[in-house]
Amino acid sequence: MAAAPAEQGKGKRVQPPWSPPEGTKHSRLCLYNSLTRNKEIFQPQNGKKVTWYCCGPTVYDASHMGHARSYISFDILRRILRDYFKFDVFYCMNITDIDDKIIKRTRQNYLFEQYRKNKSTPAQLLEDVKTASELFSVKLSETTDPDKRQMLEKIQNAVKSAFDPLQEAVQAKLPAEEISRCHEILLEEAKDLLSDWLDSKFGSQVTDNSIFSELPKFWEGEFHKDMEALNVLPPDVLTRVSEYVPEIVAFVKKIVDNGYGYVSNGSVYFDTVKFGSSEKHSYAKLVPEAVGDQKALQEGEGDLSISADRLCEKHSPNDFALWKSSKPGEPSWDSPWGKGRPGWHIECSAMAGSILGESMDIHGGGFDLRFPHHDNELAQSEAYFENDNWVRYFLHTGHLTIAGCKMSKSLKNFITIKDALQKHTARQLRLAFLMHSWKDTLDYSSNTMESAIQYEKFMNEFFLNVKDILRAPTDVTGQFQKWENQEAELNKNFYDKKAAIHEALCDNVDTRSVLEEMRSLVSQSNSYIAAKKSARQMPNRLLLENISCYLTQMLKIFGAIESDDAIGFPVGGNNQNINIESTVMPYLQVLSEFREGVRQIAREKKVTEVLQLSDALRDDILPELGVRFEDHEGLPTVVKLVDKDTLLKEREEKKKIEEEKKRKKEEAARKKQEQEAAKLAKMKIPPHEMFKSEHDKYSKFDENGFPTHDTEGKELSKGQIKKLKKLYETQEKLYKEYLQMVQNGSAN
């Protein structure tokens, strides 16, 4: 067949030219880098591998919400880099178990426990508290920080409130039980005050190194338990200062050999002037404006390292200790410069360098560690490696406040992680953190946690509704439903939200915006479901399943879901070997359908008793098992299996509150009874007898039993007589009251 004329002009047929779509520019992950104070494109040094060092805790007390602020936030960042952006993250964290705070706390705890075991007499305790109070008053007068001063004043007032009752009980010769009770109260209230005094007096005599390892070992264990409870991933490598002393000594030696350190009186200091004047280096990269801040520098050196003799060892006030010569009462290790221990800043440099080498991608820590700790880390490490890029990206988590107030261990207003987990679940705490920027201040308050709880409920209800829709019976082909405009619109919104979430994660891992986009997607999905149900139509199963699986996967990436469930939060805890929902739900579905059939017959026959039983099953019995039936007119009952642990926890909380009220009431009644008994015992003493038993104070008395001479036979001064007369007159009144009570028959 002959070709048409037009076709003949084209010659041999070929494919037309093709050009790719213009598309959009792909976003790249940017992180806020403290080294530039700007968001920078994140580019690891070695392909997709990311080396990361995180400053761990100084383990001398319970982990608090300030710790949670850093470690949950870094856990979220780590998971997102690993599981969303698909980086190969190698994460190293340290444990500081050699530190001035640990040494001081260990000595104080040890000496106080020894003091308690020795069981001082009430008189001796009163005398010791008096002596310790003098030292404490000096400490108070030298304190300029208003918050810390307020805390010290509270301690002082508490001690005085406990001191006077014991003194009065001893003077009045109250029953031994009452004196013992007052003795224990004063001992407990004066613990901080006595510990300081005992440390100043006997601290240098604590020489057993093993004593200094017990405290950090215990608190490290508690820290790891807290992190596990918060679902914080363990580090790939954990380094302890006590296990890296040889590496630290070698690290310090090389810094000295490179000309950036000097030995002074057995200690080794970093020469900030020499380092800063080098063309290859810069000192205080993170907070250059803080150079010369002696208060911050001294806090970095530690309480045991800022005495006048220590400070005189430095060439410059800005220099800091790499190695500290140990004094009596401090743990020590051998070194080329004599017995000593590592400085705080050098510990991280040596351990991070040992594991990650001369340059790492990310270094993380709390905002308050920027200067001097991290600036000094940078200086030491770059002096050791003779480079200018020890850390490529420095990430600092924001502060944590408690209901708008500063949180500090020294102020004793911190909430421990265990305390927080008594009130809220690990997921709720994590959601609260996700709802805030990782680098900004987070206010831990009832409002913050209520927002997290409501978000969790909002998401969970959506997941439960979708699961109910997916359980509706259908054949194989029935799962593929025709798409109308509503499905097309929801699907478009779904992909728009996914794109917005990606943009937010690329923008300094903005989880706050991500959660809002997820909330918006759920709201759109809920509107779609409601519209379908209103029209008596079945929502598109596959579309809702895709949306739910995506949201679940994002929450898994954030560490808010641990289970392998495809959709939603796990039911019945996170460590179940079986899937409770898939096992139980078929039976609940049968029960629901049977109940609906019974209700239908009861309505037709107007059997109200059966309807009441049906409602009782829904409202009273099934909630006890963590099951919720939701009845909708004209539609099948929605069956939801909720977390049983949550219900049990709510009950336990209510029970605890009731028990606490009962305990306080009983305690108040007991105290009142004891006070009345003590008062009655005091009232029974005739005024002419009250001083006669005090032979250790007085030798002569007048006809009324009033003392006139002391034990040495000297007449009492007018001042002494005036003071005793007041006590005598007070006792006269009390005794008269007692006699009146006897007369009235009301005294026992």
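Using N, Cα and C of the backbone, Cβ positions are placed for all residues, glycine too.
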### Query
Where Swiss-Prot shows Cys348, His373, Glu377 binding Zn(2+), which of Cys54, Cys55, Cys92 is named for the same site?
Cys55
### Query
Between 1-25, 126-150, which stretch does Swiss-Prot give the note region 'Disordered'?
1-25
## Note on the structure
Expected hit for motif ''KIIK' region' in Swiss-Prot across 49-52, 101-104, 449-452 is 101-104
### Query
Given the ranges 201-205, 406-410, 596-600, which one is assigned the annotation motif ''KMSKS' region' in Swiss-Prot?
406-410
### Query
Given 57-67, 519-529, 640-650, which one carries Swiss-Prot's motif ''HIGH' region' label?
57-67
### Message
Can you work out which residues elsewhere in the same chain, 6+ from the ends of the compositional bias 'Basic and acidic residues' (656-679), have a Cβ less than 8 Å from its Cβ atoms?
### Response
169, 174-175, 178, 181, 734
### Message
Counting only residues 6 or more past its boundaries, what in the same chain has a CB within less than 8 Å of a CB in the motif ''HIGH' region' (57-67)?
### Response
95-97, 99, 101-102, 105-106, 215-216, 219-220, 222-223, 226-227, 366, 400, 402, 407, 409, 414-418, 420, 444
#### Entry: Surrounding CB atoms that lie within 10 Å of the CB of Cys55 (Zn(2+) binding site), all protein chains
22
### Summary
Same-chain, non-site residues whose Cβ lies within 8 A of the Cys55, Cys348, His373, Glu377 Cβ center for Zn(2+) are Trp344, His345, Glu347, Ser349, His363, Gly365, Leu369, His374, Asn376
### Query
Looking at Cβ-Cβ distances, which residues of the chain lie under 8 angstroms from Cys348 (Zn(2+) binding site) while being 6 or more apart from it?
Tyr53, Cys55, Asn94, His373, Glu377
### Task
Would you report the average pLDDT that the model assigns to the motif ''KMSKS' region' (406-410)?
66
